[in-house]
Amino acid sequence: MRNNQEAEGFDGEASNTSMISGATSPYQPTTEPVHSRNVFRSIRCDLDYLKSIFGILKVIEVVLALISFIFIETIMMCSPCAGVYLFEFVSCSAFVVTGVLLLIFSLNLHTKVPHVNWSLTDLINTATSTLFFFLASVVLAALNHQTGAEIAAVIFGFLVMGVYGLNTYLAVRRWRLGDSRDGPLQTSEYIRARTASRGEVESRPELH
């Protein structure tokens, strides 16, 4: 009988030890949060934005900035090179920044970050790109060796500057009117989400 009691004691200690080790083990089974899956599932291509005037202008800006950068990269020799380096920096920066904004707007990723004023962000990008493409194109036109690549880069530089200028004008109008796809709309969605979450908390008295 003593052996039976000792065996039961060992079994109890073993079960307790396994429970403790299981509770303190760092390798616990994890589950993916539901909201993270919903976020990725809600990402979709916004064809309405791509068909809008702002979406079309964004696509044209990205394409022209890339073409300008390719032309300036084909220049192998330059003296002085200040105009080439400035144009190279401006075209590459505009291509990257505008491309990222195009990706954010076309996939509706800006709706996931309602705290950012995306209309103002887009306006700053277009205005800055307009100014810097104007300066870079003027400098390159004044400091070039009349090669085909330099002339083509200057032409495309002024073209993309004009597109950015038109986008800036439309962005200013949209920002002043407040009629944007990421301004009041995001704010109202954010307020509705906060109100819904607050209502859930109030309906559960144990959380108070």
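From the backbone N, Cα and C atoms, a Cβ is placed for every residue, glycine too.
The compositional bias 'Polar residues' annotation in TrEMBL covers 14-32.
Positions annotated as domain 'MARVEL' by TrEMBL: 49-176.
Taken from TrEMBL, the feature region 'Disordered' covers 1-32.
According to TrEMBL, the feature transmembrane segment maps to 49-72 (among others). With a cut-off of 8 Å between Cβ atoms, the residues of this chain six or more beyond the transmembrane segment (49-72) that come close are 84, 87-88, 91-92, 94-95, 98-99, 101-102, 105-106, 108, 122, 129, 140, 149-150, 152-153, 156-157, 159-160, 163-164, 166-167, 170-171, 174, 181.
The transmembrane segment annotation in TrEMBL covers 84-111 (among others).
Residues annotated as transmembrane segment in TrEMBL: 123-145 (among others).
Note on the transmembrane segment (151-172): residues 53-54, 57-58, 60-61, 64-65, 67-68, 71-72, 75, 87, 91, 94, 119, 122-123, 126-127, 129-130, 133-134, 136-137, 140-141, 144 of its chain, located 6 or more positions outside it, place their CB under 8 angstroms from a CB of the stretch. The feature transmembrane segment is assigned by TrEMBL to 151-172 (among others).
Secondary structure of the domain 'MARVEL' (49-176) per DSSP (helix as H, G, I; strand as E, B; remaining residues coil): 107 helix, 0 strand, 21 coil.
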